[in-house]
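Below you'll find the structure, written out as structure tokens, and then a few comments.
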């Protein structure tokens, strides 16, 4: 069931800067969504328009089928967890979580029960009397989430709320947030510039740049089938080469012809070819589809990150569990399904239509 709809939303500031350009999106109830993009892409502006903190210059915002474009933020069934958590330092954990219910003058017995339930949901049982300064960053974040969910919102907005945590704690909180969302069954909308966070937690990702949605889809679809150069580079590491479509399921790049899994592109058309570093296997020169010379190698714990130069001068990035020697000539092998062909200037709608056409012929 649709819970949030943005209909042709545009945001232009007084200085002429256009933060959002004709944004259309529909979000279903009970799912975890991520708005992913670099700084200035418009993701936080979308969040603020949904929350009611920022007015759109044009377009409509719908909540549960009702037009809330001009509805005050305090009257929306939407709560927000901010980047800095916005906890009250002079109040303890219980008082922070209970704050909204006390403002509404709810009975003390109800407040105690709801605070207890909220703290249990975020795994902070026994922390009610702790002072905020006594908590770790991850614990403070969970207090902020408990405070946000105590009003039982239908939608929870999270604005870059993992960015202040160290790497280990960020990874832990990814599991925590996903578990909390599944337990509550409400819609989470998570803003981040970190593609790993978005891939790990989301049911669906919206990739933004320059005020536009460049692609939307499941984490697997976004990663495996980027529609353009920006998405391919922003979502994970990529080798992106210039190529030419030979015919359906055949493409030329790096001076050779290869089988691929793409079709529906005009023969002879210039394209871009994406190969992910983890899809490249290092083998002997005789067994490889291409020959490369190793330039550098970094050991990153679970794999080696290898940079190598192809015979055409292209610099390849390869992820391998096996190390190699600097200066060594090796072969790289990949399957047709590892090759992703991108049409120059193709929109997401055009890509989806092309995909349906040639998949329907199978």
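Just so you know, glycine gets a Cβ as well, placed from its N, Cα and C.
Taken straight from Swiss-Prot:
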- 4-235: domain 'ABC transporter' (DOMAIN)
- 37, 38, 39, 40, 41, 42, 43, 44: ATP binding site (BINDING)
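Annotated features taken from Swiss-Prot, shown on the structure.
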| residue | record | CB count, 10 Å |
| --- | --- | --- |
| 37 | ATP binding site | 27 |
| 38 | ATP binding site | 12 |
| 39 | ATP binding site | 7 |
| 40 | ATP binding site | 14 |
| 41 | ATP binding site | 24 |
| 42 | ATP binding site | 23 |
| 43 | ATP binding site | 28 |
| 44 | ATP binding site | 22 |
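Taking the mean position of the Cβ atoms of 37, 38, 39, 40, 41, 42, 43, 44 as the ATP site, the remaining same-chain residues with a Cβ inside 8 Å of that point are 45, 193, 208, 209. DSSP classifies residue 43 (ATP binding site) as helix under the three-state reduction.
Taken residue by residue with DSSP, residue 37 (ATP binding site) is part of neither helix nor strand, so it is coil. Across the domain 'ABC transporter' (4-235), the prediction's mean pLDDT works out to 92.
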